[in-house]
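Working notes, beginning with the structure itself.
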Amino acid sequence: MACRKFCGVYRRPDKRQEASVPPETNTAPAFPASTFYTPAEDAYLAPGPPETIHPSRPPSPGEAARLCQLQEILAQMHSDEDYPIVDAAGAEEEDEADDDAPDDVAYPEDYAEGRFLSMVSAAPLPGASGHPPVPGRAAPPDVRTCDTGKVGATGFTPEELDTMDREALRAISRGCKPPSTLAKLVTGLGFAIHGALIPGSEGCVFDSSHPNYPHRVIVKAGWYASTSHEARLLRRLNHPAILPLLDLHVVSGVTCLVLPKYHCDLYTYLSKRPSPLGHLQITAVSRQLLSAIDYVHCKGIIHRDIKTENIFINTPENICLGDFGAACFVRGCRSSPFHYGIAGTIDTNAPEVLAGDPYTQVIDIWSAGLVIFETAVHTASLFSAPRDPERRPCDNQIARIIRQAQVHVDEFPTHAESRLTAHYRSRAAGNNRPAWTRPAWTRYYKIHTDVEYLICKALTFDAALRPSAAELLRLPLFHPK
């Protein structure tokens, strides 16, 4: 059955006159072998495919590249070479004078200890990624079979450990602790490290076990205030679809979060699948994600970095939202936009964030729409940037969204102070797709009717008309007859 028309999907000039939801007309899963399909004749289609409608996923780096990447991440994370203030008792104190960020917004702070400048810890760091290999990606070499020397208890030879610490010396001088030191701190807490995941922007993540926990756990060791901020947020949350905080340890300026271990993240899970998820599975993932977002928003929190890499999964019926390091608390009225600043990932950021406009909690709805799209298609990422770095990534990302969705000039925000409208509305002047109709990208993918409708609602270009998670959960997709 051809997909329904989407005229009037987004138009909501008055909250009291919301566009009615079309009735559910197709409840059977529809995923043919071909990714592309021909929609109904009465549905308007923009001419020609977008340039980067389904970019390929980047390959996984090998172990040598992982170490190089680690050096670059650590070296770039700190630009301030000042050391922290130390009180009479030897404890580190935060320098409040230079802190102009709000206390409840995740932001980096400088933690540095001079004794790490010349220290090369003997505690080895496990080198293999905790994720299973992904088809189409080069598997990292197994460092446990390395012939360069005797392998340590957790997976690295002394030679590899020395190389890793030498590469991290510059980062250490700027206040970051080397991964070997983080591993030593974690093992000092009684954890046995079984593997290390690719480090993120905040620190290192270890696959660990402990006598106090019957199952494997994840220890996230971070040196930035955002890790402590994440712990403070997680303590306030209690929802089955949100990653729970099992325990918290702070040692030597490093915050260690103890979290339950899931099978993998949603990105890896989808990358490994040879075929898309079924309709019921997509619905289950979407329902859990939107339920978690609705709960977080009711707590006055904006996640700001919802993406497949930050969603953890055992089965499609058992997922959870994690990584609250970029989250912030709502300032003032929840429906009033505020300048919280840019955060998260450019590929999944909402247009108003990319443009530098004030925003509300509905930026998470945009990101959730992209996650649901990837869950339904599984071989493509909508609006994804090319692999090569761009000089003006935010500007280019907005241009990609306008081009690939064929955004109409009437679909831009109407308030006069919108930078998105003032700076980018002219770029949509050549788009001849009628306003409030199906976005141009829908012509390229075979997605179940009700799932496509959910995605289109979540990807409403004007944030003022974008629905909340609670509104999306009332769609017919989640209430089949």
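The backbone N, Cα and C atoms fix where each Cβ goes, glycine too.
Under a cutoff of 8 A between CB atoms, and with a sequence separation of 6+ in the same chain, the neighbours of Asp305 (active site, proton acceptor) are Asp323, Gly325, Ala326, Ala327, Ala343, Gly344, Thr345, Thr348, Ser367. The active site, proton acceptor annotation in Swiss-Prot covers Asp305.
What Swiss-Prot lists as ATP binding site is Leu197, Ile198, Pro199, Gly200, Ser201, Glu202, Gly203, Cys204, Val205, Lys220, and the listing cites sequence analysis. A sphere of 10 angstroms centred on the C-beta of Val205 (ATP binding site) encloses 21 other C-beta atoms.
What Swiss-Prot lists as compositional bias 'Pro residues' is 47-61.
Residues or ranges marked as domain 'Protein kinase' by Swiss-Prot: 191-478.
Marked as region 'Disordered' by Swiss-Prot: 12-63.
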| query | Averaged over the domain 'Protein kinase' (191-478), what pLDDT does the prediction give? | reply | 93
| Entry from the binding-site residues list Leu197, Gly203 having the most other CB atoms no farther than 10 A | Gly203
